[in-house]
Amino acid sequence: MQRNMLRAKLHRATVTQADLDYEGSCGIDEDLLDAADMREYEKIELYNVNNGERFSTYIIKGKRGSGEISLNGAAARRAHVGDKLIICTYAPMNEEEVANYKPKIVLLGDGNRIKEIKAV
């Protein structure tokens, strides 16, 4: 049996930009992508802490070191600049993989700077 498990999470990311006219996606600072082992064009689930919205899109690379979290296209309707997001990726795993698996959690602070990286 396969289970869909949390693979990585950027916790309390702050939206820095929202561009309704862009063709879609979520731009994420490359440093944050590396820290969470997330990849460009990977599907992500986003949870808006401020308003409870839940939505999905895909990743595009943001400028390294910028702290960028930009919502583009339809996703820009789901959050405002300054809103806090939880950004997650999931992966299918079999029972053997699940037994000893720990997701990668990246806790963010002001300016989307990394406060802590942990496996829960």
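Glycine is treated like the rest: Cβ placed from N, Cα and C.
The candidate list Thr16, Thr57 contains one residue that Swiss-Prot assigns to the substrate site with Gly73, Ala74, Ala75, namely Thr57.
Summary of the substrate site environment: with the site residues Thr57, Gly73, Ala74, Ala75 set aside, the chain residues having Cβ atoms within 8 Å of the Cβ mean position are Gly24, Ser25, Cys26, Phe55, Leu71, Asn72, Ala76, Arg77, Arg78. In three-state terms derived from DSSP, Ala74 (substrate binding site) belongs to a helical segment.
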